[in-house]
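Enquirer: Got a structure here, written out as structure tokens. Questions coming.
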């Protein structure tokens, strides 16, 4: 039995983290398993009014690797709407093989991509709001610690410049990012806490001093400017009961620092931020952001997985589109069209070339290529995001 209330890797691999009706269905099929080869596709049921930064595929591949299945998917870090130009559902993943070999993993597959994609998409929206200013993912404390690496990885792919989690940072091959906690000021007092923080800031790290524990933020900022010659950031994590007009407070602090010739000290803000508040605070003068709950607890996308073909024949349930499909995207205008799987490319209505986004990642359970590292996936994501700057 696991110590914490989580499924182990082995539990997931055994299909124990699945809805029981999949297990019962496979048991009921029995000897007919060998004769039932299917193609299943994962599409989004909602929300449909926003684009999605597709994330979580890495874990799907780890789960299905070694099984006799073929898997096609849109690459992680690809950003697109869940419906094509004609209103058809976009298949993000297609798995082909014997149903009894992989059907019990439907729950896990959906869980991997629903939550990770929700987090990375929210991070991408914060990325757009922050502009060129850095923002960091500080939200793992709001979710179960067992999934903290997944949260940090997804936030990083979505656009976070760094993450606070030790395991999450290791997963993305980055150094974890942190400032100083209120606890340090409470235990030692502000001045001693600030000195200790600066003394322990390593070369290459940015020094960040928290200024809202006991003092008025303006006077704390002035005090720091007078006490220290080199400080990279002051951080305002002002609680909502004291915050008032946060934009006005930031402008006030910014003014006082500039008046004293300390425009070199930048302002970082945190506490209850999302893409809407980040945009307003950036316009007010904030230059870095710590974003937590809105990213780590982002609403998951409602992916669903459905059989679309049985033994080579198009078959599916009511409300779904039967048959294996490809997803074509125009290299010029980014128009998306869902087409039958035998169509690999076509000319777009704009005259550009439409190419298939689906990539074959597993062939009979074996990897077809080396999987990209998180940094490479993030790079793809940031290039994709350029197209969505003016699209809500």
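Counting starts with 1 at the first residue shown.
Yeah, the Cβs are placed from backbone N, Cα and C, and that goes for glycine too.
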Enquirer: With 272, 293 listed by Swiss-Prot as binding 5-phospho-alpha-D-ribose 1-diphosphate, identify the candidate in 240, 241, 322 belonging to that site.
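Expert: The record-listed residue among the candidates is 240.
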Enquirer: Which of these, 54, 81, 135, 138, does Swiss-Prot say binds nicotinate at the same site as 21, 179, 235?
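Expert: So the nicotinate site in Swiss-Prot includes 21, 179, 235 plus, from the candidates 54, 81, 135, 138, 138.
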Enquirer: With an 8 Å cut-off on Cβ distance to the 330, 333, 350 Cβ center, who else from the chain surrounds the Zn(2+) 1 site?
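Expert: Residues close to the Zn(2+) 1 site, other than 330, 333, 350: 331, 332, 334, 335, 348, 349, 351, 352, 354.
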Enquirer: In whole Å, how far is residue 330 (Zn(2+) 1 binding site) from residue 348 (Zn(2+) 2 binding site) when you measure between their Cα atoms?
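Expert: On Cα coordinates alone, these residues lie 6 Å apart.
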Enquirer: Counting other Cβ atoms within 10 Å, pick out the least crowded of the binding-site residues 21, 138.
Expert: 21
Enquirer: Counting distance between Cα atoms, which of the recorded positions 182, 272, 330, 333, 350 is nearest residue 235 (nicotinate binding site)?
Expert: 182
Enquirer: In whole Å, note down how far the CA of residue 333 (Zn(2+) 1 binding site) lies from the CA of residue 293 (5-phospho-alpha-D-ribose 1-diphosphate binding site).
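Expert: About 35 Å separates the two Cα atoms.
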Enquirer: What span in Å does the nicotinate site cover, taken as the longest CA to CA distance among 21, 138, 179, 235?
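Expert: For the residues that bind nicotinate, the greatest Cα distance is 50 Å.
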Enquirer: Sort out the sequence-distant neighbours of residue 179 (nicotinate binding site) for me: same chain, 6+ apart, CB within less than 8 Å of its CB, listed by position.
Expert: 208, 209, 210, 233, 235, 268, 290
